[in-house]
């Protein structure tokens, strides 16, 4: 039976599930189409919004003036320094805008770069829609001024430096146009398609116009522009020969013809760069320049380059620089046409291939050979041909040829103004397997020649002296030699120590030979006896002098006294008598050498006078039957000295006492007692009206019971009829501010008393009384006069970790003291006409006060014409009578201004502390001054400020064991060092903030160098001298 296959039909109805799936698929297709359409519309809308300016990116710049210091790492966007600071800036910007009226529009920010000039920040801002530049700038400034970011505690932004412009992303740049040696910035209108960055003064734009860098960074051998345009040879090609970067192993550059001066001066600069590890040798085929036109040769490039030679007039011979990079600059300031300039060639060489004798041997005919000037000394050796000036010191010819054609080296010629070390260093020398002989010729001629020393040192900082000569050896070249046997790498150093005036030292023909030094064929030189034998500096004594043995002199009088002398004479009189000291002749080196006269025995005596310089000087009178005279000289010049005598008697120099019914004025004259404190000056010096009211039994210098002096008797004020106006009037008489409070005080006895009433003209009427109504006295408290308040708003800043530039007006009581035109010390303004400073500043400089000048309101010593500045001469100097220069105790002095000053925002007095007020250890106080910023460095231009913690005297004594830290001193500083006052800060304030007023806690006195660990600064403790200071103010 056959079978039959059944084929299903092609058309059938869909199942329920199939219908559902089909419907869902169709819906999904519609949704996708819709989403695509919405996305397309959104994109087109965004493009339209962008076209209409609804999405916005702006670029901004601002300057951070404190809280962060610029360093080269901020140029590297991958550095930790860049990332940390950029994060903080972006956080600050975000916090400000998120709390501003633009919080809905603001999206984010991005720091692009940092530039030098404090720290300049360039950043981008992104907003969801278009915002005007003015609106962005206004919100940013308001946020900074309102401290809307926690980051503003860490650093300060100069709001005047903030600038906002359209982002440069959609704009083209205009490159700076150039001339031969000068860049100028073009500034087309800021319209879409064309914008150029505007640079701050002293900066120029890079070629991409995206970045500004300092003018000095152009053509300095280091890339500072991202596009490298700051070192572009087209820009940097010199006006002298059209060259700039020299990179071959040898080459040349020249200023064969001076370029015509288009400005006040022209600078031609070349960069020489050879392979790493090589050094560079320079030679001059000719060299004939004007004295004003200087060729400087530096080791290295960029900001780290080191000046190795300054050349003018004469061919310097060969110069070798031990670096693979050299910067050469030729500064042309003359318009002379008679000078042909110079032609220089350079060659690379490998100094490591030199042997020891090649490194040492030198007759200076061809420059300094391979010797190097010591950069850590005080001056430089000079290469000399022929005679030096002045006469009577230094050679007339070299040693090599024995005539004026040869060369030698000498310490700086001329009179000189100080003692200085002049050093010459060899390259590192290889250890020797056998001894070698170092030989040389030296010339030490002149009345004041000091010392020539030769040292060797190794990399372990072990140094030893192998040769030394001192004194004047006459007009001869002298031979010197020393055997060396060093087993490790070492250097040789020639050190000449030069005094003032006739003290030149010269060298020639240095050589190194193998084997020990032979016995010298030349006789050992002997010193020239050009001066008498040195006098002993110890006078003997102290000498006890009594009548009739009353005449005494400085040592060796009438001939010059010795240097470094210290002499003491004790003058004696019978009990009840006093002493008059008279100088018949007097001539000392000014300031440096002094006669100090004290009232009584030295240990606890009071200072009577300090005399120095040429005479005549005034007689001095003791108040006791003993007087101490000290004579102290330094190690420089000497003079003829002095001859003195003394007499004894009763009341010598003291005015005759007044009658019982008279008052004796401070100038000695007498006035009737009834005229005392009557409101009218009867004494010519006004002393009869000087001390007529005081506080009694007060807990502070501005409160207590009130007493008035009627004739010679003090009367306590009654509370009867006392008014608020009375309080104000009495407080004013006391030299204080307005009355703060007054209250009755019950007391029985203690008379006599005085009742106060106010006259119709407002003056006080005093009526003596034996009793007060209800035994009620007045207890008065006065406000202090306005003091210790900063008038110029100061930004909040973090704790200073080192001396920092202060803001103008930050310390309006800090005064700069100039002596003979030189900034010498600091001081503090305590009233309209009195300054507090250090006694050691004025010691020996007190006889002619008008040589001192006080500059108030000063911020920068380089700008003495600022409108905030007021200058006053000093007309009186008072050293605290307890000051002891040798013990450095009571180091405080008062200086009176010739004319009173008016208080301004930049000139204000500082407050005085209460007498014996305690400033506890650990308290953070402030110091300020223009002194040296590092030990043996240069003084500061801008007023420096720093915070320092106070130390106990016990701890200070442990850290300063060589000094006696007395109760009149206080100390401040960090154990780790790094913050301290230094030379030039003396006399300036140590200031502590209390109740929103700055108090003068200390006066900068002394220290051991500056800012060393466990070496605090020492200050005169002002609370110990408050009463003494106030005696000048009222």
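All positions are counted from 1 along the displayed chain.
Heads up, the Cβ atoms here are built off N, Cα and C, so glycines get one too.
Residues or ranges marked as topological domain 'Cytoplasmic' by Swiss-Prot: 2-18.
Taken from Swiss-Prot, the feature domain 'SEA' covers 54-169.
In the three-state DSSP assignment, the secondary structure recorded for residue 212 (disulfide bond) is strand. Around the Cβ of residue 212 (disulfide bond), a 10 Å sphere holds 24 further Cβ atoms from the protein chains shown. Taken from Swiss-Prot, the feature disulfide bond covers 199-212 (among others), and the record attributes it to similarity to another entry.
Among the features that Swiss-Prot reports, disulfide bond is placed at 206-225 (among others). For residue 225 (disulfide bond), the number of other Cβ atoms no farther than 10 Å from its own Cβ, over all displayed protein chains, is 20.
Around residue 236 (disulfide bond), the same-chain residues six or more apart in sequence whose CB sits under 8 Å from its CB are 218, 219, 244, 245, 269, listed in sequence order. Positions annotated as disulfide bond by Swiss-Prot: 219-236 (among others).
For residue 268 (disulfide bond), the number of other Cβ atoms no farther than 10 Å from its own Cβ, over all displayed protein chains, is 25. Taken from Swiss-Prot, the feature disulfide bond covers 240-268 (among others), and the record attributes it to similarity to another entry.
According to Swiss-Prot, the feature domain 'CUB 2' maps to 539-649.
Marked as disulfide bond by Swiss-Prot on the basis of similarity to another entry: 539-567 (among others). Within 10 Å of the Cβ of residue 539 (disulfide bond) there are 18 other Cβ atoms, across all protein chains. Annotation note: residue 539 (disulfide bond) sits in a coil segment as assigned by DSSP.
What Swiss-Prot records for 656-694 is domain 'LDL-receptor class A 2', and it gives sequence analysis as the kind of evidence. Beyond the ends of the domain 'LDL-receptor class A 2' (656-694), by six or more residues, the same chain brings 706-712, 714, 730, 733-734, 763, 1034 to within a C-beta distance below 8 angstroms of the stretch.
When secondary structure is read from DSSP and collapsed to three states, residue 670 (disulfide bond) falls in the strand class. Taking a C-beta cut-off of under 8 Å and a sequence gap of six or more, residue 670 (disulfide bond) has these contacts in its own chain: 658, 659, 662, 663, 664. The disulfide bond annotation in Swiss-Prot covers 658-670 (among others).
According to Swiss-Prot, the feature disulfide bond maps to 677-692 (among others), an assignment based on similarity to another entry. DSSP assigns residue 692 (disulfide bond) to coil in the three-state reduction, placing it in neither a helix nor a strand.
Residues within less than 8 Å, Cβ to Cβ, of residue 772 (disulfide bond) and separated from it by at least 6 positions along the same chain comprise 718, 719, 720, 753, 755. Residue 772 (disulfide bond) falls outside any helix or strand according to DSSP and counts as coil. The disulfide bond annotation in Swiss-Prot covers 772-782 (among others).
For the domain 'Peptidase S1' (800-1034), the mean pLDDT of the prediction comes to 91. Annotation source Swiss-Prot lists domain 'Peptidase S1' at 800-1034.
The feature disulfide bond is assigned by Swiss-Prot to 825-841 (among others). Cβ-based neighbour count (10 Å, all protein chains) for residue 841 (disulfide bond) stands at 27.
Per Swiss-Prot, the feature active site, charge relay system maps to 840 (among others). According to its DSSP assignment, residue 840 (active site, charge relay system) is helical. Note: residue 840 (active site, charge relay system) has non-local neighbours 885, 888, 891, 986, 1005, 1006, i.e. same-chain residues 6+ apart with C-beta under 8 A of its own C-beta.
Residue 891 (active site, charge relay system): 29 other CB atoms within 10 A of its CB, across all protein chains. The active site, charge relay system feature in Swiss-Prot is assigned to 891 (among others).
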Spatial neighbours of residue 212 (disulfide bond), counting only the disulfide-bonded residues 206, 225, 268, 992 and Cα distances within 10 Å:
206, 225
Quick check for the class: what is the C-alpha distance, in angstrom and rounded, between residue 992 (disulfide bond) and residue 971 (disulfide bond)?
13
Taking Cα atoms as reference points, which of the disulfide-bonded residues 225, 567, 971, 982 is nearest to residue 692 (disulfide bond)?
971
What does the structure give for the C-alpha distance between residue 677 (disulfide bond) and residue 567 (disulfide bond)? Integer Å is fine.
47
Compile a sequence-ordered list of residues in the same chain as residue 971 (disulfide bond), six or more apart from it, whose Cβ lies below 8 A from its Cβ; state 'none' when nothing qualifies.
950, 951, 953, 955, 956, 959, 960, 965, 1016, 1017, 1018, 1019
Can you tell me the CA-to-CA distance separating residue 825 (disulfide bond) and residue 567 (disulfide bond), as a whole number of Å?
29
Please state whether DSSP places residue 992 (disulfide bond) in a helix, a strand or coil.
strand
Check each residue in the chain of residue 925 (disulfide bond) that is at least six apart in sequence and keep those whose C-beta is under 8 Å from its C-beta; list them in sequence order.
919, 947, 948, 949, 950, 972, 990, 991, 992, 993, 1001, 1002
